[in-house]
Amino acid sequence: MTTQKIVPTKSTDGSKLFRHQAKFVAGAMNINQIPNFSLPEIAFVGKSNVGKSSLINTICNNKNLAKVSNTAGRTRQINFFNLADKLIIVDLPGYGFANVPISVKEQWGVLISYYLRNSYNLRLVNLLIDSRRGIKENDKKVADLLLANKREFQIIFTKSDKVTDHKNLHDEAHNFLATLNYSCNVMYVSNRSKEGARELKASLAKCIKPQK
């Protein structure tokens, strides 16, 4: 990766794909339970309570698809959702401030790390950052892991309706990516206002296999 520039997102249309109903197909609480669907996978990763499950529900137009809780650490396994037999959406457990025993946190860390390192079908990782909190040390460690394993990722600032000025976030992301010597999309999304949903869908739709 040689460029330090943030590449803006182009709003190509992903709405056709996301008109289809996504469905839960598997959950994995340990590495032996991780399935292989032979379909492209896109993963959502971020700190506990950053809004991963809510965002998945928003882009899939189904508020009951991924279980949502105000309590950090409720997603305790990797959840897999099939979208129209074209794409697998992967909801990873949160890292950081989950109010769970250290042994459980370590188990989640192993599970998340193993999946991100070894998934053959993983095409894109969405690194979710709470707009109110900014990029933290744990987020940087995940980005380092992704780069070390040559995983493509994009930064998604969630809860963008909670902040009035995106410039500071933009500058923070720019500086962060410069230190990584990496270029990627940076998006701002809100489950409440639906800001950024169209752009995010478009970026995910690009990961599906082309029709032969």
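Even glycines carry a Cβ here, placed using N, Cα and C.
Keep in mind that this is a model prediction, so the values were computed, not measured.
Listed in Swiss-Prot:
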type	residues	note
DOMAIN	38-210	domain 'EngB-type G'
BINDING	46-53, 73-77, 91-94, 158-161, 189-191	GTP binding site
BINDING	Ser53, Thr75	Mg(2+) binding site
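Here the Cα atom of Gln77 (GTP binding site) is found 12 Å from that of Ser53 (Mg(2+) binding site).
Spatially close to Lys159 (GTP binding site) yet at least six residues away along the chain are Gly51, Asp130, Ser131, Arg132, Ser190, Asn191, judged by Cβ distances under 8 angstroms.
According to DSSP, Pro93 (GTP binding site) sits in a coil region rather than a helix or strand. Distance between Cα atoms for Val189 (GTP binding site) and Ser53 (Mg(2+) binding site): 13 Å, as a whole number. A separation of roughly 11 Å, to the nearest angstrom, links the Cα atoms of Ser53 (Mg(2+) binding site) and Gly46 (GTP binding site). Ser53 (Mg(2+) binding site) falls within a helical segment according to DSSP. Each residue in the domain 'EngB-type G' (38-210) has a pLDDT score, and their mean in this model is 89.
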